[in-house]
Amino acid sequence: MTALLELCNVSRSYPSGEEQVAVLKDISLQIHAGEMVAIVGVSGSGKSTLMNILGCLDKPTSGTYRVAGRDVSTLDPDALAQLRREHFGFIFQRYHLLSHLTAAQNVEIPAVYAGIERKKRQTRARELLLRLGLSDRVDYPPSQLSGGQQQRVSIARALMNGGQVILADEPTGALDSHSGEEVMAILRQLRDRGHTVIIVTHDPLIAAQAERIIEIHDGKIVHNPPAQEKKREQGVDAAVVNTAPGWRQFASSFREALSMAWLAMAANKMRTLLTMLGIIIGIASVVSIVVVGDAAKQMVLADIRAMGTNTIDIHPGKDFGDDNPQYRQALKYDDLVAIQKQPWVNSATPSVSKSLRLRYGNIDIAVNANGVSGDYFNVYGMSFREGNTFNAVQQQDRAQVVVLDANTRRQLFPNKANVVGEVVLAGNMPVIVIGVAEEKPSMYGNSNLLQVWLPYSTMSDRIMGQSWLNSITVRVKDGVDSDQAEQQLTRLLTLRHGKKDFFTWNMDSVLKTAEKTTYTLQLFLTLVAVISLVVGGIGVMNIMLVSVTERTREIGIRMAVGARASDVLQQFLIEAVLVCLVGGALGISLSMFIAFMLQLFLPGWEIGFSLTALASAFLCSTFTGILFGWLPARNAARLDPVDALARE
């Protein structure tokens, strides 16, 4: 009769300081299919170590161990996990059920790692529990089951993938006599159905129910009667094997790991929430700073554009503050005409200015009077509250008309609904109000000077008596590079004047400087937010490391029922990523709430959540989970199943 399990000269020793302590010494043993064997011995005799080797949880230091003729020493860890999963079923003294799972879910665990479809394994788990008399306890957690019921759940779990070999470690040690008798009756039934049952016990009454008693003392077998060949029922279920394609197995494995991770998180809600808190704050900070920062940036740039972007100012002299008399008359009307003819020019306006007294009735105020063309308001993107700008005829005829700014209108006409057509005195010259322009922000804040605009011909000839221009402002067509336009302007006027007696001021340079400044500030704030995200990630890693320590026995149970190291790694890594993703989702929700509140108190801000910002938050959460979950997951995957099961 060929042995199912065969040990030949097996020894097992463990390091203790500088010495090796031998626990098993030159063990040779054969166990045949369908036997019911009891391994007995006092505490410390080595019987549990022998069971761990038989169950492929441990490897011998020397000698060979064969399972169905296969030398276990030639198998890698994944192959050993497969062997445990497909051929062995473990029954533990303390049941080793996972507290956050129901009875049926505990029974399903071996099939999960075998990659069996959910519906199939749920059906089989219920059938096994029904067979063991637990049909009314299928959805109960272990805490609501008696000791005997928990042990029967443990037996059902051992049978889930077939359980060709049942390894029972003190199966009745934590039970009352009645429950113990029920468990032993079940084991005898399994023996009768063709299962190989190996019981490790120190109770002679339990051992007496086996067909063969192997006694071990001080690591050596002192009693090993020959196997009795008996005819058995061939009722052992075949090992459950997943035959689905590789990609489907991977998808199923990932889905189940995700489900188990969610259940583990739900089992410790408060700790999970506190773990997420750092991620929530970090993601909310990053998203809020990116989104609100972008809104602030757009608002600043919009304000700058409102002052007239794509504009180039031309002034006489070498630079601001140059009052050299030889440059004062550098800019002429002919220069304006030449500039207006350029194909890349949208519009151009001259400017002359002087302080004047403006009077209406008994109201007398000081204003800054600007002589400009009708294109001035287009150049600076200004709109009108009332009336309109002056036309070409008024410009040519040096018409006595004026456009007021909103502040001037308020000072002169505090109670009038419409001021177009009213006559005021500009100096000593009567002028007709033809429009009121909207207030425009200054680059340096709002000035306290009141502004009015007259046709530059009127201003030059009737008021100032000068033929030159104080400045020219050019609006470049959309799509034209302002730097190139500035170079062409410089080249044009230098050729006309024969020298460079002017300088230019490109508003786009202000825009670019503002963009650079806001980007730098936003980057700095984002880095601060990222630091909070890193702190949150470290919190996740810390809690996950604690979780690995707390759940060491759970890891050992999972490995005993067939989980590979990669399965454990995947599960804990997914848990970390899931914590970060849920925290990220809550962080995004928090940032949306912050944005909503900001819009209530800052109505001028347009805060929008772009797909890029949301995708970035998702990637940040995932990356944080992977980065800070890797170390705890790796530590969990590296645990030795025997050590893990022995932890309290």
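Cβ atoms here come from the backbone N, Cα and C positions, even for glycine.
Swiss-Prot has this to say about the protein:
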- 5-243: domain 'ABC transporter' (DOMAIN)
- G41, V42, S43, G44, S45, G46, K47, S48: ATP binding site (BINDING)
- 273-293: transmembrane segment (TRANSMEM)
- 417-437: transmembrane segment (TRANSMEM)
- 523-543: transmembrane segment (TRANSMEM)
- 577-597: transmembrane segment (TRANSMEM)
- 611-631: transmembrane segment (TRANSMEM)
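Feature annotations (Swiss-Prot) mapped to structure.
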| residue | record | Cβ within 10 Å |
| --- | --- | --- |
| G41 | ATP binding site | 23 |
| V42 | ATP binding site | 11 |
| S43 | ATP binding site | 7 |
| G44 | ATP binding site | 12 |
| S45 | ATP binding site | 21 |
| G46 | ATP binding site | 22 |
| K47 | ATP binding site | 25 |
| S48 | ATP binding site | 21 |
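Among the recorded stretches 417-437, 523-543, 577-597, the one sharing the largest number of Cβ pairs closer than 8 Å with the transmembrane segment (273-293) is 523-543. Long-range contacts of the transmembrane segment (417-437) within the same chain, counting only residues at least 6 positions beyond its ends with a Cβ under 8 Å from a Cβ of the stretch, are 356-360, 369, 377, 382-390, 400-406, 409, 452-454, 462-463. A Cβ within 8 Å of the Cβ centre of G41, V42, S43, G44, S45, G46, K47, S48, the residues given for ATP, is found for these other residues of the same chain: H202, I216, H217. Mean model confidence of the domain 'ABC transporter' (5-243) amounts to 87 (pLDDT, 0 to 100 scale).
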